Structure formats: structure tokens, C-alpha cells
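K.L.:
Have a look at this one before I ask anything.
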Amino acid sequence: METKKNTRLLSLDTLRGFDMLFIMGFAPLVVTLNALHPTAVGDVIAGHMRHVPWDGFTQHDMIFPLFLFIAGISFPFSLAKQRGSGSSDKHIYLRVFRRGVTLVLLGFLYNGFLQLNFPDVRLASVLGRIGLAWMFGAFIYMSLKKSVQYGLIVFILVGYWLLLAFVPAPDAAGASPLSIEGNLVGYIDRHCLPGKLIYGNFDPEGLLSTLPAIVTALLGIYAGEIVRSTRLGSGERKSLLLSGIGVVLVAIGLVWNTVFPINKMLWSSSFTCFVGGLSFLLFALFYYIVDVKGWKSWTLFFRVIGLNSITIYLAQQVVGFSHMNKFLFGGMSQWVGEYAGEPAGAVVLRAGYVACCWFFLYFLYRKNIFLKV
């Protein structure tokens, strides 16, 4: 545990907290609120609180890549700080590697590795993908010239598209190469990834689809480089540049979607560009509001979450927030449900879960306790 607050972009912690809020019980709360008073607009919003089954996009599909993008933003600042303090590149490479491996191991822990039921343990994980994609993105950023980096990004995205479009899974004759049964990503995982795949024949955090995720991390690194740059002038100018890049990437993703569908499960090249563009736009907005204009008074709620994002992700697996919630709010939920209807009681319980998680993080925040990986 880290007991020291580092100087950092407030907008970054705020955006990270905003992102994590949706997997801290807020998404189910939105769905339950709509069930209480259904509306056409509410139905659309509630629909975005769930992942799409395969092709397509909802807000919920944005949560994971945005978090990876945010992890990338931090790296140029960390790299400059380490080099400024005299750390050699060899030492920095080692720290990057150690962080990547730590996230992979935390992913094992999250998936129940300590149950020692190895045939049924899922080795692929969200944390593992973040660790690997961020690690390789950092290595690429440190090791290669910019022109080579850009060429590598194009090679990965175009190569991934062509590979998936024209090389179907050998064990799924007749299936579309871009279907859940016939794609090469699932085939490689079925034959090369030990343990259980989350969907039996497919895992969205598998081996091959980590390649375009590296591009997501690199896009975040470039966003951080823009904000850190002293050559680009004012914060307003940086915000405009971030927004412009975002618009271009969204457009590329939408055009590419016509031949290679936007698909989070495959982390398709169109998905990488589309969510990368949305991430640039969101970061530009938060950076402009919080760090450029200095409107910070509203950010505490989100920063409490963002400063301990890995903590709350892991804690929801090992801390009894549901039991705590029922203990604190179960009676109120039942009482409200009896007098105002079951949906109203469900809203109380959903809101109570979010409150339990947030006040747990607020306690850590007040004690200056932050989990640093």
C-alpha cells in the first residue's frame, strides 16, 4: 500500500473514477431506475449499461478500453520523472516488466487461482490484458522511433483485420471467420491458452486479441505525451488537438466498421480506432474542464474512486460489499418495496451497494492509503 499522494493530473484521476463507477454498481442502478419509471430515453440509456453480445457497441463496451487508455496516459509522466531522478532505461524497463507481470498475477488471483482447481481456472483476465498491453505499449514507446511506432500500429491493425477476415478457425468449417465460432482468435485460445475460456470456446481477453489492445495503450501514451508537451502551448490548444485526433479516430473506426465490424470481444481494429477516438474526446473534455479551466470542486466523488481503481476492482471480488449492503440497507429496501413497490426497493439496494463501495474508498482516501501496482 502507498501512503503518499503523488502530484498528478486531477482530470486523469477524475476520468478514471468516472469510468470505474460503472462497474462499481452504478450500471445496475441505472437499469433499476429505468425499471422504476420506464421511458423511451431511459430504455436507450439502460441498454447501454450492458455489453453487446457480439458486433456493435454500447457505453459498457467502453469501460475496459478507456481504463487501458488512461493507464497509457500516465506513462510519459512516469517515464520523465524516473529519467529525471537518474534512473537508467534498464531500470525503467525492469519496473515496467514488473508492473505488467504483477497485473497478470492479480488477474489470476481475481479469477480464483488460489482455489487450486487448475483445470477450471481462467488464466485470461481483464487485469492480465491491461498488464500485457500496457507493458508492451511502454516497451514500444521507449524503444522505437516515432515513425516506426506509427508504422507498427498500422501494421498491427491492418494485419489483424486481414488475418481475421481471411483465416477462419480450422476447427469450425463453414462458420464465418468473424463469427464467435469461426474466428481465429478463439481457435488459438482453444489450443494454446491453458485453463478455462470464459465462454467455453472463446475468451475476449485471449492471446491474439491482445495485439490491438497494445495499440489502445499506445494511443493513451500519445495522449499523455500531448498534455505533457511544452511545445504545444496552452491547455486550450492541447484540448483542441486531443479532440481533433479523437474525431479522426472515431471516423476511421466507423468507416472500418463497414468491412470489419466494431467488436469488443475480438477487440477489432475498427473497435480499437472507434473507442480510441472516444477516449481522446473524453480525456480532452475532462482535461479542459478540470486542469485547464480549473473547475475542480465537483471532482472529489470521482477522484476517490479513481485513486484506488485497482483496489475497488479487486475488493468487489474479495470484500463482502453485498453482505454489508444487505446489513445496512436491506431493511430499508424491504420497507420501501412494501410501500412503493418492488422496483423502488431494488433501487435502494442498488444505491446502497454503490454507497458501500464509495465510503470504503473514501475511508482509504482519508487515510492516504492507495494501492500502487
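Backbone N, Cα and C atoms are what each Cβ position is placed from, and that goes for glycine too.
Unlike curated records, TrEMBL annotations are generated automatically.
Computed from a predicted structure; not experimentally measured.
Heads up, here are the entries from TrEMBL:
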{"type": "TRANSMEM", "residues": "21-42", "note": "transmembrane segment"}
{"type": "TRANSMEM", "residues": "62-80", "note": "transmembrane segment"}
{"type": "TRANSMEM", "residues": "92-114", "note": "transmembrane segment"}
{"type": "TRANSMEM", "residues": "126-144", "note": "transmembrane segment"}
{"type": "TRANSMEM", "residues": "151-169", "note": "transmembrane segment"}
{"type": "TRANSMEM", "residues": "207-227", "note": "transmembrane segment"}
{"type": "TRANSMEM", "residues": "239-259", "note": "transmembrane segment"}
{"type": "TRANSMEM", "residues": "265-288", "note": "transmembrane segment"}
{"type": "TRANSMEM", "residues": "300-324", "note": "transmembrane segment"}
{"type": "TRANSMEM", "residues": "344-365", "note": "transmembrane segment"}
K.L.:
How about the transmembrane segment (21-42) and the transmembrane segment (239-259): at least 3 CB pairs under 8 Å, pairs 6 or more apart in sequence, or not?
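P.N.:
Output no: the transmembrane segment (21-42) is apart from the transmembrane segment (239-259).
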K.L.:
Considering pairs 6 or more residues apart, do the transmembrane segment (92-114) and the transmembrane segment (151-169) have at least three CB pairs under 8 Å?
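P.N.:
As far as Cβ distances go (cut-off 8 Å, pairs 6 or more apart), the transmembrane segment (92-114) and the transmembrane segment (151-169) do not touch.
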K.L.:
Same-chain Cβ contacts of the transmembrane segment (151-169) under 8 Å, 6 or more residues past its ends?
P.N.:
140, 144, 175-178, 181-187, 208, 211-212, 214-215, 218, 256, 259-260, 266, 268-269, 272-273
K.L.:
Which residues, given as numbers and ranges, are at least 6 beyond the ends of the transmembrane segment (239-259) yet have a Cβ under 8 Å from it?
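P.N.:
Long-range Cβ neighbours of the transmembrane segment (239-259): 161, 165, 219, 223, 226-227, 232, 269-281, 283-284, 287-288, 292.
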K.L.:
Taking contact to mean three or more C-beta pairs under 8 angstroms, with sequence separation of 6 or more, is the transmembrane segment (265-288) in contact with the transmembrane segment (62-80)?
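P.N.:
Contact between the transmembrane segment (62-80) and the transmembrane segment (265-288): present, because at least 3 Cβ pairs are under 8 Å.
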K.L.:
Counting only residues 6 or more past its boundaries, what in the same chain has a CB within less than 8 Å of a CB in the transmembrane segment (300-324)?
P.N.:
5, 10, 12-21, 23-24, 67, 106, 109-110, 126-127, 353, 356-358, 360-362, 364-365, 369-371, 373
